[in-house]
Amino acid sequence: MSAVNPAGGDIAAGRSWPEVLNGLLDGRDQSADDTAWAMDRIMRGEATDAQIAGFLVALRAKGETVEEISGLVRAMYEHANLIEVPGATVDIVGTGGDGAKTVNISTMSSIVVAGTGAKVVKHGNRAASSASGSSDVLEKLGINLQLTPKRVAEVAEEAGITICFAVKFHPALRHVAAARGQLGIRTTFNVLGPLTNPARVKAQAVGVADPRMAPIVAGVFAERGNSSLVFRGDDGLDELTTTSTSRVWVVREGKVTEESFDPRDVGLDLVPVEALRGADAAYNADVARRLLNGETGPVRDAVLLNSAAALVALSPGAGTLAEQLRAGMAQAAEAIDSGAAKRALERWVAASNA
């Protein structure tokens, strides 16, 4: 399916790689249709590695805009295997790329949030900046990733949590793998994953490692009416971190508000990043099991905080951000301590292997 202008007509009309690339090199912001055209060519396999690399480097060098990213997202959705999951859904994810090699905080938080009764639809892949990616760890926990899109949606209804394994839902991304690998630098694709959840969830808690891109990601969410918390640790982590203060972009009703957050405001001590360090998938899965069995410490604190961020995004309440997060942390703690989070994982394992 070709990318289509909402006003009607094929967006490919009158565009070429030299036109788009020269515009970027001249420092001109591109329209959403321009970037959608480029992504459409890439997703079709009709762009060379040189054209893909040139586009990604030129776009990053100029500096991406909300409109440009929105165009890329639109075209990616045109080539994706999408699913429908009824009701209010939330995703907790980080862009990766912070190099910290932490345990899988967003993955553990997703299970805890499911334990509170919220419906979670993750969009995950192999390792980016964690010691192992969400998909790697979930496999070790017993989750079957090799499901059809239809079955993935059914699991969400049966277990209250599911994962869209990126390579199965965005198969056209294979066309960019070589160029991205050869470049070896951050590109726009580092932030597209959280923006292209195949279930098109309406609420997200998203960690963004790149300080340039965090407000852009928030702007894209605002443009499409999502309720989201976008954050970045001031030490560079793509989490709402307990290792430092963070910047938070609160997205509600089409507006973005930027705030500073200090974990000490919700009663948490600052810890060194080493306290959150992970290892391979087997080790990180064991950390998750211990968390769900009630182990306390820095990992639990970080998971409670990021679980709270998702709960606030899904159902914003009254009060300051810190007050809302504190309430969310209490919900998350109850999910762990009551065994509800552990039972959510057990349901998920059973449903994904049924």
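Keep in mind that glycine also has a Cβ here, set from the backbone N, Cα and C atoms.
In three-state terms derived from DSSP, ASN125 (anthranilate 1 binding site) belongs to neither a helical nor a strand segment and is classed as coil. Taking the Cβ of ASN125 (anthranilate 1 binding site) as reference, residues of its chain lying under 8 Å away and at least six apart in sequence are, in sequence order, GLY133, SER134, SER135, PHE165, ALA166, VAL167, GLY193. Among the features that Swiss-Prot reports, anthranilate 1 binding site is placed at GLY94, ASN125.
The 5-phospho-alpha-D-ribose 1-diphosphate binding site feature in Swiss-Prot is assigned to GLY94, 97-98, THR102, 104-107, 122-130, SER134; the stated evidence is sequence analysis. Note on ARG126 (5-phospho-alpha-D-ribose 1-diphosphate binding site): other Cβ atoms within 10 Å of its Cβ, all shown chains, come to 15.
What Swiss-Prot lists as Mg(2+) 1 binding site is SER106, GLU239. With a cut-off of 8 Å between CB atoms and residues at least 6 apart in sequence, the same chain places ILE92, VAL93, GLY94, SER134, ALA205, GLY207, GLU239, ASN306 near SER106 (5-phospho-alpha-D-ribose 1-diphosphate binding site), listed in sequence order.
Taken from Swiss-Prot, the feature anthranilate 2 binding site applies to ARG180, supported by sequence analysis. A simple way to gauge crowding: the CB of ARG180 (anthranilate 2 binding site) has 18 other CB atoms within 10 angstroms, across all the protein chains here. In the three-state DSSP classification, ARG180 (anthranilate 2 binding site) falls within a helix.
Residues or ranges marked as Mg(2+) 2 binding site by Swiss-Prot on the basis of sequence analysis: ASP238, GLU239.
Cα-Cα distance from ARG180 (anthranilate 2 binding site) to ASP238 (Mg(2+) 2 binding site): 20 Å (rounded to the nearest whole number). Scoring each of the binding-site residues (ASP238, GLU239) by how many neighbouring Cβ atoms lie within 10 Å, the top position goes to ASP238.
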